[in-house]
């Protein structure tokens, strides 16, 4: 029986879907041991590789929760895990990705173990904070610190040395040992061991760095009956702590008393002091999002506290339950990479192995009459299979991706997930935040505009008073916009002896007595100020919201706002009202009504210097570019135009929604048209806009309207199980979720509209994520670039995310740039395309090399010959390994291609290239064998044949031919245009292949040099005059192979042009 999961906010990007209690079958364990011994432990390895087989064979579902020994959990992205059942204080639980989950008998569901706050009355939270004993709280919630798990060496080695390719490698080694080959298999094992150990060193270094970033070591003052100082790691949910200046919090908490100024740069990337105040009403339900201005989060630094009172906070979330902990969980447990490339490669390898087996079967017609010992034929067959599936291939794939990360790191771009390099090479859609990403963070004041000249003085009062600036260490700090605003009007600010501050110019002075900080929900901020005789509420914010809250709405103000916003200026609406003394203690919602709209404050937010150039580069490469911003539609449209996302002269239709009137609002030039909400009619309207050649822009309100017609489910979800989704929109749209519409036509219409739209304005953070998810539902490969915490959800949702922030929130992004330049986007994409192309080349090279090795040995069997020990090492290691390593470190070109590498190895384009290489090389080997048969140089053997001759005339010709072909393959499979630098610019690869060609040619021309011949086991009298003929055959067939490869790459390339699906 499966149980639903009552999802919680602390799960972050890793919500569970359902939990099934299962019982471990001991009799099956005994059976597993017996079968494993009988199969040489292959069955045990199969259980390790296949979670489905492991779960099916060793566990059985339970109808009653109490009878289970383990839990089978299903995630919302389709993954499945079996976890051990644990017990504490009579409660059964399991741990999934560092969070504990327990069964709730009342709701018959599982839920994360947390200090419950969301949806509870604040005074109840405070009253029941000490229900559990300290020991119980430690067991439930753990320590108040982020302990990054580091896998022990033995466990790491077991995991990385028992994969499918590793087992194949051990099988190959056993076959080679059986054929009396010693040196080569030992070198292969040593190479693998070194690669795994190096990976472990890099893994430990990465985890150690992460642990340093996660650590917050400090003492805190705990308030109970008395004040006492404790280590920060000892804090538990429900504890009261005293907030102090200079303190960096290691927990999430809410302020109960006092007020503080904090710096949330580690969370948002914005180094701006933010005011936080005590919870105003303890009779309301608690919610982190709605009460954000009263909550403090782990990693936050306290820069100033209220010195007139004790500043007390209650600890609510600790460890990996905190917001910062969720960021680190995203790094520790990234989304599984796409297996499409490896599945298609496996299909090709299987077909390749089948062809080799068939060819070998036909050759048995020749071998059997020669009276080979049966064991030799069997070992040879097994050797063929090993060669068809190169066991070292994954090592070189990892080298390709790691080399790309190293190159990015050298230019200031840090990558945390090597698999995302591959994803970067497939991107066809780029989404950008606006402020701080396309534009700079700096603002320049332009002017103050009022709809009546008599209000100019009031506008100055608003600008002087309506802010929350601070004096820290003698320096004025706060929102850069507010600093610019105060500087622009020239008023003096004074903090001495004030609860907040006073401002003065000439004889006019105001003192601030209450501040309502900016609320994203209300889209405004306000202050209460007095000039000594009168009280005023001064407000600034979204012009639309200020106008909406005004008693006398002014269309002329909105018209002026539109004019400035259309030219890319940032506009703040200004409003005020006079207050009586008995109104000062009213709630904010009551005060911020019946305003008098004054006018607006105009600022400029310029583009970054390289934004237009980078956007043009991306558009030239065929990418679909979109901007997703929280700014106004007109400002965002202007930014899109001057940055090049849409053409400067393009006309743009804006789709908005008026929720109060339940109307779709369409702005087309200066025309505004309203349509009542009607599903069928609305679809027709949207379809007409899609057909319209004009560009489109969508607002967040319109997206909310569309969202009413869709739901999001998991493709692997058990539809018979009644599930409840998290109330948070952030938890709904995950990478493997499927968006479903109640109406198929509405789905098609909406998807086409999202595909066409390049400007998304007034979008909330969860809506940014929703847009990315909808693009992915169309089959798009999306990259999201942003600079702050409000972009984290969208960045985590996208296949590839880039952050300019050096905050903890940037860990959500696979790539973070130390520079604010947009060039990092081009560099990540270029590295991704080059890496995929190189991986394709590595695959083609290894299959081509192994194909002709099989052909050469198959031919040598006709003369009862095989490679010597040194020759085996040379063709399998000395020649190939350096070439592959140098190939893996190939650099990308500086130009971003409008193509994407075709990484489907089962496609005919990639298959024909491999088989072309093999065909011409095998042709050359056959011709040279034919030339040898015209002479009298044959090896006499006796029957039955029990062993091979490890040198001979045919052996010498085959080996020398392979020496040349291996180098020629390295040249012919290398594709520079349009993804990578020219071949000769890869200096190490060029030098190695040149050296290989020289060695091969010299060996052909001077086979009589005794010392060199002894080293490579070549018979001195192999050629006797026809060495030039054999060399010519090799060179000519290599040339034809190279020529046909060039033709194939030109007319049937392993790439495809970027197209945009809708």
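Residue numbers in this text run from 1 along the chain shown.
Just so it is clear, glycine is given a Cβ too, placed from its N, Cα and C backbone atoms.
If you look up TrEMBL, you'll see 25-47 (among others) marked as transmembrane segment.
Feature annotation from TrEMBL assigns transmembrane segment to 184-203 (among others). Residues 151, 153, 156-157, 160-161, 166, 169, 172-173, 176-177, 391-392, 395, 398, 402, 869, 872-873, 876-877, 881 of the same chain lie 6+ residues outside the transmembrane segment (184-203) yet bring a C-beta within less than 8 angstroms of a C-beta in it.
Positions annotated as domain 'P-type ATPase A' by TrEMBL: 220-329. For the domain 'P-type ATPase A' (220-329), the predicted model reports an average pLDDT of 87.
Annotation source TrEMBL lists transmembrane segment at 348-368 (among others).
TrEMBL lists 873-893 (among others) with the feature transmembrane segment.
The feature transmembrane segment is assigned by TrEMBL to 914-932 (among others).
As annotated by TrEMBL, transmembrane segment applies to 952-975 (among others).
Using a Cβ-Cβ cut-off under 8 Å and counting only residues 6 or more beyond its ends in the same chain, the transmembrane segment (987-1006) has close neighbours at 879, 882-883, 886-887, 889-890, 960, 963-964, 966-968, 970-971, 974, 1012, 1016, 1018, 1023, 1027-1028, 1030-1031, 1034. Annotation source TrEMBL lists transmembrane segment at 987-1006 (among others).
Taken from TrEMBL, the feature transmembrane segment applies to 1026-1048 (among others).
Residues 53-54, 57-60, 162, 167 of the same chain, all 6+ positions outside the transmembrane segment (25-47), place their C-beta atoms under 8 angstroms from a C-beta of that stretch. Between the transmembrane segment (873-893) and the stretches 348-368, 914-932, 952-975, 1026-1048, it is 952-975 that has the most C-beta pairs under 8 angstroms.
When Cβ-Cβ distances under 8 Å to the transmembrane segment (1026-1048) are tallied for each of 348-368, 914-932, 952-975, the top count falls to 914-932. Secondary structure of the domain 'P-type ATPase A' (220-329) per DSSP (helix as H, G, I; strand as E, B; remaining residues coil): 20 helix, 43 strand, 47 coil.
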